[in-house]
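Below: one structure, written as structure tokens.
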Amino acid sequence: MDRKCGDEKSKKDEKMAFDELLVHLGEFGRYQKRIYLLLCLPAISCALHKLAWVFLAARAPHRCLMPFESAENATFNNIDGFPRNMTLPIDSLTGDWSQCERLDSNFTDEYLEGMVPATKHVPCDNYVFDHSKYLSSAVFEWSLVCDKAWIRSGADTIFMLGVLIGSILFGYLSDRYGRRPIFFFSLVLQVSSGILAGLAPEYFSFVFARMTIGATTSGVFLVAYVIGMEMVGPSKRFYAGVVVQYFFTLGYMMTALFAYLITDWRQLQIALSLPGLLFLLYWWFVPESARWLLTKGREEEARQVLKNAAKENQVDLPDEMLDKFLNEGDEKVKPVQTGSLLDLLRYPNLRRKTFIILFLWFVNSGSYYGLSWNTSNLGGNDYLNFFISGAVEVPAYTFLLFALNRYGRKLTLCGSMLAGGIALLLSAVVPNGESWLLITLAMFGKMAITASYGAVYIFSAEQFPTVIRNVAIGISSTAARVGGMLAPFVNQLADIWRPLPLILIGALAFTAGLMSLLLPETLNKKLPETIEDGEDFGKRAKTEATDGNNVEM
């Protein structure tokens with residue numbers, strides 16, 4: 001334990017050295033602002049890909065294609081002159097005409113005259129879709145409805161699996177080979193996979209291309225985020241970490257605009273991919289991370305990056321200061337011994353906090369993506385619902401900018417999750433036909449969950465000791481991806497009852513909000529550095545409170 005503490009002190013001194021240099025350069029000078037802005041823009045492209053499935057695989061009312069109909073000429077509302085009660089049964093679950101079965105008959109004149117009533121139901125062989133809202137969709141093309149509806153949900157699950165794989169793979173590659181080359185490799189792969197997805201001749205090649213896109217969103221967004229944050233001064237990182245989310249939100253809202261203007265789903269997929277080509281121009285404007293160069297002993301390259309930053313910020317950076325820093329900097333520090341997953345599970349207080357945090361990440365991610373992908377199930381205008389679902393993130397992130405440091409991490413997280421959970425649970429009592437009220441509750445819930453999702457990143461990172469923080473956040477991120485992978489199947493419950501996904505998400509959010517109260521506040525607290533610190537953090541305060549109650553009695 002003492003050796004870990006000593007190693008951690010060395011790591012802390014090393015970090016302080018680079019942070020002090022950033023303070024001298026200007027924590028958020030002209031150079032950092034330029035790089036930061038450029039690296040925030042790819043978040044727009046990543047949002048387009050992450051959220052587009054709502055429109056790429058848009059659903060619509062459908063019915064069986066009758067044996068006497070031609071697929072080319074059949075229309076949803078007209079069954080070639082036959083009345084619906086002679087061709088379609090009633091769905092016992094919805095009380096409406098069945099979308100997945102037809103009456104089994106030879107459709108002769110005798111049957112049409114009611115002399116030979118049909119009672120047997122048979123599954124549809126093919127489908128006729130209502131094109132009044134959507135002209136084109138992957139669902140229409142591959143008939144991903146009824147007994148194949150799970151395949152539609154599975155495609156988004158596989159996409160989120162790609163996000164998980166990408167966060168692990170590209171995180172490792174960027175640490176080993178550099179932020180800059182992996183960023184551009186991910187970008188090229190994202191654009192090419194996006195175009196291939198739009199040209200895919202069948203479902204499985206399309207899903208594989210989409211999974212690759214999912215992986216590259218981690219390579220593009222997370223690596224760009226790291227490059228930008230590694231050049232921002234310590235006092236500005238909190239704000240920089242939140243502000244980048246506004247760009248993701250902009251991409252969220254732009255997805256609705258793209259989908260409204262481009263009605264062919266294949267053209268839409270390609271159109272969403274092409275903006276990524278613009279970011280290839282960054283090759284001439286975005287340098288490698290100076291911090292990463294130092295960790296790899298590439299001093300001269302790091303020196304040039306830092307001198308360029310000083311020049312653009314109009315700050316004097318004497319060679320003597322730079323030489324002193326390079327002689328004492330990152331590359332001279334021996335690798336730090338870090339903790340492992342077993343350390344999180346070995347000690348009772350750390351173990352308890354770990355399981356709570358994993359549940360918080362699981363619920364926040366599942367709720368965020370579940371609500372984002374559920375906008376077409378709310379009624380009203382799908383495009384407007386989706387746009388508003390993105391727009392409510394703006395006040396959510398603005399709230400975080402002042403609430404986290406003013407009211408504390410725990411109160412902000414707990415309050416957001418409880419408020420969102422209550423709003424979503426209230427959808428259970430919305431009368432049929434009151435779509436505006438259901439939409440209002442869903443959007444308020446989405447705003448609250450967005451705030452809690454942003455808060456849990458910061459709050460959970462501060463719970464873990466420094467020596468194991470990266471491991472813990474990596475595991476938490478995995479729990480989040482699992483939540484996102486299950487979200488499409490939760491939304492499929494809307495086929496049974498429209499508010500059901502909202503109710504389930506609301507119940508989970510409310511439960512998670514209550515569980516967050518079991519974690520200690522971290523605002524203005526000395527954060528844990530060693531495993532021992534992490535085990536004591538929160539437990540000591542609880543013990544003192546208990547002792548105080550005993551004395552009082």
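For all residues, glycine too, the Cβ spot is worked out from N, Cα and C.
In TrEMBL, annotation is done automatically, which means it is predicted and not curated.
According to TrEMBL:
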type     : residues : note
TRANSMEM : 35-58    : transmembrane segment
DOMAIN   : 111-524  : domain 'Major facilitator superfamily (MFS) profile'
TRANSMEM : 149-170  : transmembrane segment
TRANSMEM : 182-200  : transmembrane segment
TRANSMEM : 206-227  : transmembrane segment
TRANSMEM : 239-262  : transmembrane segment
TRANSMEM : 268-286  : transmembrane segment
TRANSMEM : 354-371  : transmembrane segment
TRANSMEM : 383-404  : transmembrane segment
TRANSMEM : 411-430  : transmembrane segment
TRANSMEM : 436-459  : transmembrane segment
TRANSMEM : 471-490  : transmembrane segment
TRANSMEM : 496-519  : transmembrane segment
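The list of residues near the transmembrane segment (436-459) in space but at least 6 beyond its ends in sequence, with Cβ under 8 angstroms from a Cβ of it, reads 238, 241-242, 245, 357, 360-361, 364-365, 367-368, 371-372, 374-375, 378-380, 385, 388-389, 392-393, 395-397, 399-400, 403-404, 409-410, 412-413, 416-417, 419-421, 423-424, 426-427, 430, 498-499, 502, 505-506, 509, 513, 516, 519, 522. Ranking 35-58, 206-227, 354-371, 411-430 by CB pairs under 8 A with the transmembrane segment (268-286) puts 35-58 at the top. Long-range Cβ contacts of the transmembrane segment (471-490) within its own chain (Cβ-Cβ under 8 Å, at least 6 residues beyond either end) map to 150, 152-157, 160-161, 163-164, 167-168, 171, 338-341, 344, 354, 357-359, 361-370, 373, 460-461, 463-464, 501, 504-505.
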